[in-house]
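Student: Encoded as structure tokens, here's the structure I'll be asking about.
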Amino acid sequence: MPAFVSSRLFWIGLVTVLVALVLPTYVSGYVLGLLTVAYYTAVFAMSWDLLFGFAGEVNFGPTFLIGVGAYTAGILDAHFSPGLSIWLCIAAGALAAVIGGVVLALPALRVSGPYFGLTTLVAVLMLQNFIVVAAGLTGGEIGLAVPDVISIDARTNYWIALGFMLVSGAILFGLSRSAIGLILQASGQDKVQAGALGFNVTKHKLAAFVVSAFFSGLAGALMVFYMGTASVSTFVDVGVGVQIIIAAVLGGRRTVIGAAIGAVFLIGMGELLRPLGELATLIVSVIALAVILFFPDGFLGIIRGGARA
Amino acid sequence: MLFWQILIDGFAISALYALGATGFTLIFGVSGVLNLSHGAIMVGAAVAAWAAASEFGVGPYTGALIGVLAGFILAFATYFIAVRPIQRSKVIAESEKEIFILTATLLWGIIIQEAIAYLFTNNAKTVLPIVEGVTTVLGVRTPRNEYFTAVICWVAIGLLWFLVNRTRRGKAVMAASMNPRGVTLLGIELSSIYLTVWAIYGLLAGVAGILLGMFLGVSSYSVGPLTASAFSIVVLGGLGSVSGSLIAAYVVGYLETGTAYLISPAYRTIPALLLLVVVMYLRPQGLFGRR
């Protein structure tokens, strides 16, 4: 990557992080709560970008991984509440999501493009059906109440979410800029050629799925213990997945950081426009469509001043 | 009794699925576009028909006509707003156009959906049926509307078949789906083919949407599931294969109806999804797909 990205982007990033760090002193608990959700969504979007932007896999079902992580953690906690620490539940959630990621990766190694996209979509629908049908275990359509939460203090939750986003962002970003990221990008663009150059495409794609699933599941599990409840409409619904995809493309795909910016923007805008009622989603969608049509590189593309690598 | 009920209900619902999926697969076959605003266009047509007939009292026939017109207009709007700018873009890399069109049509679908919700609320709407009353065939009491739906669907599909196989314009469309470059070499403007296909698509989606509105009712919530079911039927049958989609529509329709009657309505969609997963693993190009 040329130096201009790191220089300009680095300073913007540094200022943003500093603002995020001092924010809790100035804003209300309500805003902090909103940002907490935005930060978790940012991790969802960044994990998705690793799969799409680098491995070139159109994953329509990010919520499959998130949902598996969130519900595993939630169910474990709901059934073994006092005996099992929530951190163990969260770890189990992340692990379950990784297993889900491997299951999802199997078709990806065989089929590509729209076919794979559909498989992931079907995975989400199956999970959704399972949750509704196995209502005794999962709470069904009403949702699953989780007895424990990480903390009731808005500030603590904010710090955890911010720290989690920064750490996972740094790992995902580092990974995308490493040799692994380059190999993924190569295999995403031309699988055959990448294989011919001696790279193990299957292994790298599988690794991308595992990493993406790990962070999605972890973020999902953490979010369950922030909200104190797990429901289909917040973790699994196709609409949630759509929002994650839009966030990543809006911020600028293949950048990891852009996905986080897009997620915070989407949630922030949704809240700012809330007084408009039902028009809010409409306006956000119009903005997102306009950005995609006129600035295909997203917000990061605009910041970079249209300079294309 | 139950057998005939499943047979009749399944036939009507499958015919509707078939009509809905045909336009979707046609667009993909000819221009490689997966139109994720499909459900929104169908619901848009149904809501337009409902609003015209129930709110403004123009009667069921004029209402249906207005609905088809709405589907037509929405299809063209989709093409000109969300598809063509990306197809012609010089900034977006060729390999990424697919995901951009997917995202753009998805957003466009959400925009239509939210506009409908804003203007006409989220409530479920049932389009005034053209044919009313109940009839008993083979001991099964069925709304006449159900037979009407099946008949119109098959007439529409038959007309499409006639258009594609028997008219000059249709043959050009068919040729473009096989080899776009070959068609341009014959001196046929590819962009005009696209316009024809989107026009056909708009009519099909419009008719399917209105029939759906009469049969089951629609709301802005049905947008996502409708797109998903059209998508899965088309993939099951093989992307781009119209006859494959027709067969897949019947497979899915009967699986769903059978499950709903024999097991429980709660499990309605599960066997079809399982079948889809199995097909994707064993035969990724779909039952009748060509690669």
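From the backbone N, Cα and C atoms, a Cβ is placed for every residue, glycine too.
Annotations for this protein, taken from TrEMBL, read as follows:
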- B:6-28: transmembrane segment (TRANSMEM)
- B:40-58: transmembrane segment (TRANSMEM)
- B:64-87: transmembrane segment (TRANSMEM)
- B:99-120: transmembrane segment (TRANSMEM)
- B:147-164: transmembrane segment (TRANSMEM)
- B:185-218: transmembrane segment (TRANSMEM)
- B:230-253: transmembrane segment (TRANSMEM)
- B:265-282: transmembrane segment (TRANSMEM)
Student: Counting only residues 6 or more past its boundaries, what in the same chain has a CB within less than 8 Å of a CB in the transmembrane segment (B:99-120)?
Tutor: 33-41, 43-44, 47, 50-51, 74, 78, 81-83, 86-87, 89, 92, 220, 223, 227
Student: To the transmembrane segment (B:6-28), which of B:40-58, B:64-87, B:230-253, B:265-282 is linked by the most Cβ pairs under 8 Å?
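Tutor: The listed stretch sharing the most Cβ pairs with the transmembrane segment (B:6-28) is B:230-253.
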Student: Cβ pairs under 8 Å with the transmembrane segment (B:64-87): which stretch of B:147-164, B:185-218, B:265-282 has the most?
Tutor: B:185-218
